[in-house]
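What follows is a single structure, written as structure tokens, with notes after it.
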Amino acid sequence: MEALFFHVSNVLVPVLLCILVGYALARFRKRFDTKTVGDVVANVGYPTLILSHLTENHISFGEFLDVMAAAAVMIAGFTLIGYAFLKIIRRPVRAFLSPMMLNNVGNIGLPISLLAFGSDGMAIALAVVAVVIAGIFTVGMWLPIGKVSLTDLIRQPAVYSVVIALLLMGTGTSLPGPIAACSKILGGLAVPLMLLTLGYTLATLRVEGMITGLYLAAFHIAMAGAVAYMIVWLFGFTGTTRGVFILMCLMPASVATYLWVERYQNEHASDVASFIMASTLLTILVVPLALTYWI
């Protein structure tokens, strides 16, 4: 048990410390342009991280597609259950459904998967991240905006990075040495920058009404646990794939979805912010239990 405790600590503490550094930057009013950093991560960090990990044979072509399919089922499950719950409690679907259905698999899920399961875990997690990114730039935007457009999804380099990686994996082709080395270096930007951005963003969220946030977060984590259990059973995941997928399901509500809620559903932005904050804090409490007793 002592060894397990130290393993869990070694997984979570580095992630929390990185988030706290970002939080401190905001509290001490240090300059940190989250938009620029976010653009660097989206346009450089994510695409190169995907290429470098998926072309190093950490995951097979078939397994990657299986995990992507499972991630799509996860989002569908969150959507259906979340929609029904929001209707029951009479909360506006356009404001609350996108953070309810799309979790923060990038900022928190990737580093935890890497520390808990190594490069193999990171490759599996990237399959989930690819699907969630597609969800964020489609339904995640369409709901608060109130209209459908594929323009932003088409502009995401990570989408093309996944396609290229799948082609390379499917044909058994490797990246040329210099490009592979470059991708590995640039891909190393993604995780630390995402954690710093998360901490900084959490410190600057306009949070009000934490009671609303807490009960939404409690429902979200319970829903995530149930969906994770069903999907792992349905797809027959075992070992590292099972562990990583459960972790990714348990990740908190996505911070990225808040940007469009704040802009297009501003009257509900503070409640959504409290949901995201409470969800993040609750996940930090639940993940050690999951790593110890479930995964």
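Heads up, the Cβ atoms here are built off N, Cα and C, so glycines get one too.
Record features (TrEMBL):
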type	residues	note
TRANSMEM	6-25	transmembrane segment
TRANSMEM	67-89	transmembrane segment
TRANSMEM	101-118	transmembrane segment
TRANSMEM	124-145	transmembrane segment
TRANSMEM	157-179	transmembrane segment
TRANSMEM	185-203	transmembrane segment
TRANSMEM	215-237	transmembrane segment
TRANSMEM	243-261	transmembrane segment
TRANSMEM	273-294	transmembrane segment
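Counted as Cβ pairs under 8 Å, contacts with the transmembrane segment (101-118) are highest for 243-261 among 67-89, 124-145, 157-179, 243-261. The list of residues near the transmembrane segment (215-237) in space but at least 6 beyond its ends in sequence, with Cβ under 8 angstroms from a Cβ of it, reads 66, 69-70, 73-74, 77-78, 81-82, 85, 91, 96, 100, 103, 245-246, 249-253, 275, 278-279, 281-283, 286.
Scored on C-beta pairs under 8 angstroms, the neighbour of the transmembrane segment (273-294) with the top count among 124-145, 157-179, 243-261 is 243-261. Beyond its flanks by at least six residues, the transmembrane segment (67-89) meets 59, 96-97, 100-103, 124, 127-128, 130-132, 135, 139, 219-220, 223-224, 227-228, 230-231, 234-235, 237, 241, 245, 248-249 of its own chain at Cβ-Cβ distances under 8 Å. Residues 42-44, 46-48, 50-51, 54-55, 60-61, 64-65, 130, 133-134 of the same chain sit 6 or more residues outside the transmembrane segment (157-179) yet have a Cβ under 8 Å from a Cβ within it.
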